[in-house]
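> There's a structure below that I have some questions on.
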Amino acid sequence: MKHLLSAADLDRAAAVHVLDTAAEMAATQAREIKKLPTLRGRTVVNLFFEDSTRTRISFETAAKRLSADVINFSAKGSSVSKGESLKDTALTLQAMGADGIVVRHHASGAPHLLATAGWVDASVVNAGDGTHQHPTQALLDAFTIRRHLAGRGAAGAGASLDARSGVGLDLAGLHVAVVGDVLHSRVARSNVQLLTTLGARVTLVAPPTLVPVGVETWPCAVSYDLDATLADSPDAVMMLRVQRERMSAAGGGFFPSPLEYSRLFGLDARRLATLSDHAIVMHPGPMNRGLEISAEAADSARSVIVEQVANGVAVRMAVLYLTLATKES
Ligand code: CP
């Protein structure tokens, strides 16, 4: 795998391979082998044109745990603010010998352009582009679901377990509800693709104003009724952040109102109490507490939100290893 640009790049075998590799990385960390020599001599550039806490820090941690040299580049405070183009920024990174470029950009398609325009030889990993894709978020979400739930799905019970380790191989038959601002969510797009590739059934739940045009062609169900979807016993409920900054940038307001939104689409204590005993609560972060998720839900025993962040390091170690370790120096 030279690049990772989209969850659609991964067929079932490739996705399972990344998740298995991430499990091996997590096992080394659990054994307190904090640093592996795998990427010694390689340079990874974190090229972030949009703000990030979790993704940027976990890619940096992952690269350092694989012994790579890391350069953090933030558009704020760089020559991008003087008008420098993506092409000239890329040529600069190429001149500095970047082997891997982890890119987050507000424009959908920017990582694809970087990977295919011929400006750099480096591997390109998409760390979130516009409303398009966030493949490593989907991988860490699948990794987290697998750790908690693989083999529980109606269609996959037992059959999808590895005979030696008992670890689930895929998410066959699991039901995942993805709830909230689907319109602006690269996390939703990536998760629908990856989770269905791995055999899960996905239901998107959103107000009609926050559902993208063409969603009927996606491989999932769509509902406008959160309570009805929760009555269908999802194994995982993934709450999405309401992206108010993208609504303002598009000249739109928040509709429905925040109060209506949290009443109709928020995960609160009442809805939390209706979930199956084994169901988990997820959120990619950052959260709007009190809007899409209440403090009771975010901090409950069902919540795996902090674990998602921790799993992000192992998953990103796996992605950097699989894209960079086999490259010639
Ligand atoms: N989930 C996620 O992408 O978070 P950050 O924006 O903090 O990286």
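Even glycines carry a Cβ here, placed using N, Cα and C.
So TrEMBL lists these for the protein:
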- R54, T55, R104, H134, Q137, G285, P286: carbamoyl phosphate binding site (BINDING)
- K82, R186, R241: L-aspartate binding site (BINDING)
- 2-146: domain 'Aspartate/ornithine carbamoyltransferase carbamoyl-P binding' (DOMAIN)
- 173-322: domain 'Aspartate/ornithine carbamoyltransferase Asp/Orn-binding' (DOMAIN)
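Surface or core, plus neighbours and distances: that's what I need for these features.
Using a 10 Å radius centred on the Cβ of H134 (carbamoyl phosphate binding site) and all shown protein chains, the other Cβ atoms total 26.
Around the Cβ of R186 (L-aspartate binding site), 23 further Cβ atoms fall within 10 Å across all displayed protein chains. In this structure, R186 (L-aspartate binding site) is part of a helix by DSSP.
Helix, strand and coil content of the domain 'Aspartate/ornithine carbamoyltransferase carbamoyl-P binding' (2-146), in residues and according to DSSP, is 67 helix, 27 strand, 51 coil.
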> List, in residue order, those binding-site residues out of T55, K82, R104, R186, R241 with a Cβ under 6 Å from any atom belonging to ligand 1.
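T55, by Cβ distance under 6 Å.
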> Identify all same-chain residues not among R54, T55, R104, H134, Q137, G285, P286 whose C-beta atom falls within 8 angstroms of the centroid of the carbamoyl phosphate site's C-beta atoms; report them in sequence order.
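Everything else in range on the chain: S52, T53, A127, G128, V187, P284.
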> Sequence gap of 6 or more, Cβ distance under 8 Å: name the residues on the same chain that satisfy this around R54 (carbamoyl phosphate binding site), in order along the sequence.
P284, G285, P286, V309, G312
> Nearest to R104 (carbamoyl phosphate binding site) by Cα distance: which of the binding-site residues K82, R186, R241 is it?
R186
> Give the sequence-ordered list of residues that share a chain with K82 (L-aspartate binding site), lie 6 or more positions from it, and have CB atoms under 8 Å from its CB.
none
